[in-house]
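Below is one structure; the comments refer to it alone.
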Amino acid sequence: MALRTDIQALRGLAVLLVVFHHAKFGLLNAGYLGVDIFFVISGYLITGMIKSGIEQGTFRFAEFYFRRAKRLLPAAYITFAVTALISLFLLNADELHDFGAQIVGAVTFTANIALWNQTGYFDGAATLKPLLHVWSLSIEEQYYLLLPTALVFIPQRFWKYGIMLLLLTSLALCMVLVQQKPSAVFYLLPTRAWELAIGSFAALLSIPHKGKTWIALQFAFWPSLATLFILPVIPLGTAHPGIDAFLVCLATAIVILRYHPDINSGMAPKALAKVGNFSYSLYLVHWPIFAFINNVYVGEPPLGVHISAVILALAIGFLLYRYVEVPTRHANVHISRGIIAATLGTSLLLAVTPGLLAAARVSEIDYAHVRRANVGFSMDCEYKQQFTPKPACQNTASPEILVWGDSFAMHSVPGIIATTDKGVMQATSSSCAPLLNLAAIDNAKYPRAFGEQCLSFNRSVYTYLAATPSIKTVVLSSPFASLLSASSGTDRVFSSLEIVDGKSVERVPSISGAVQAMLNTVAQVRALGKRVIIVAPPPVGNFDIGRCLERRANGQLTFGAANNCSIPVEEYHAKQVGVLDFLKQLEQQRVPVIYFDKILCSATACAAKLDGTFIYRDSQHLSYDGSRMLAEKMGLSARLQEAAR
């Protein structure tokens, strides 16, 4: 298939959208839509090549996959190898372990599955994973494995019907499940195949450059082109991939189909087309650069660093294209046993390298254990819907204290257990604040379906309290921030899911609404004869405190925080201004609140460790040891009893 300048320009646009989005320049809140453009282009080109080969009788599976490997693997393997070596110096042991799974996924074209398995609430931040971006390449390669077989064995007259069936089935799965299973929908082929199938279907169309269809394409072209530039800047705010991805994919297909040599010559921006020429290499190298910057900066890197990273990515991407991608693509090399053996050997070496690097890392302290997820009693206490008592989530048959909330309630449990002789029970669900008839949702990871589950969980906890007279004190804890404002400082937009007249209704979050919901919750629990107390979230800053502590302890390159990783009080107050106002209003209504900052903070800074103990495990959660130390230093058990009277 001859090189088309318009498609190269689309590639350039797509990769720049992704790169600038990752650079956090602020203008491209939905720059990730560039990946959706890539999917359509890939589906279009690969289907066109297979179609041409089959029609000419020259298509061979072995030759097809050899050409794909020759095109993709050299630049990818060099990127993976260099990334692995740099990772030894910049990643901690836990991150190296995750990186091992990522690189195995990368060389086996299953990175999307590996990364999907690393998307749990307690997994490491996605922005720290150097090979996060290869999920999309794995999606494409999986599609390439299935498509040729389908086109070879299905009669050509049924191709369009088959592709359309795949498109509609995958699209339906995506739209139905994006609210219930957002991570799976994002990462897995069954709910992404429709995007490539749109490109495939476009490749099978034969539209004469005259007639009604061609005229319709002319009218649709400019709105479609505008869509590709507008949606990444002004996102719809819907769950992704969803309506936004569909509009972008449809627009991309229209732009591609509208091609005519006499019309398009000179129209495609030359600069974008030139970037499109090395878009693959640029895509490969850009994210490891950003990920390594995110690793050494425990806070948000300055704008100048992001700009430098973009320039560096453009330079390295072009060099990789010029000196690796182009020569290997045009090299006079043919498939042979030696080539296959060398490819498999390189893949194996890359797959085992991270494990060897992790084994070489020696440390007197097991920081992965110190910073392990603080889930309280047990991971069994991470409820999804209905609360039912579990032996693993209580330390006596007749507990007197119930700790209710999300991960912040979880991290409070070790301290409560360590400082009281009363029986303790844990009722927790991540990201589900302990309020009746109100839950926080967003347009990304926590859609409406999650909110419904949260409401159901909290109602079941209340039902249990009503039926359990042994519970005397109820401890509530959560960060609460997502209930107070729609803004998150990122492309996530929060909403409140509220029960009104027996039905769940989405509302704009507000402090007053959250205060009223909490007062109603407290009143209902008190009506059962229980005492209620809130444990406030610990002081937080604009950086990952736990990572800062570990990197400083290991002597690793670290920017973005004080040498002792302390949190400036001004930063803490500015970041938590809404939460502190919310808690103050509750105190004014005689709801007792316990604060950790009384122990951690001086007039100027809040400590991140006490007596050599890491208080935090990440940017906001307490470690097991930190929870126990704070509880002991503040006499938490006595304060619980005193405050809850």
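Just so you know, glycine gets a Cβ as well, placed from its N, Cα and C.
Not measured: the values here are computed from a predicted model.
Annotation source TrEMBL lists domain 'Acyltransferase 3' at 6-322. Sequence annotations record features per position, and here TrEMBL assigns domain 'SGNH' to 381-633. The transmembrane segment annotation in TrEMBL covers 37-54, 75-93, 99-116, 158-178, 184-207, 214-234, 240-259, 280-297, 303-323, 335-357.
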For the domain 'Acyltransferase 3' (6-322), the mean pLDDT of the predicted model: 90
For the transmembrane segment (184-207): best-contacting stretch of 37-54, 75-93, 99-116, 280-297, by Cβ pairs under 8 Å: 37-54
Intrachain residues whose Cβ lies under 8 Å of the transmembrane segment (214-234), provided they are six or more past its termini: 10, 13, 17, 21, 27-31, 33-34, 37, 207-208, 244, 247-248, 250-252, 254-255, 257-258
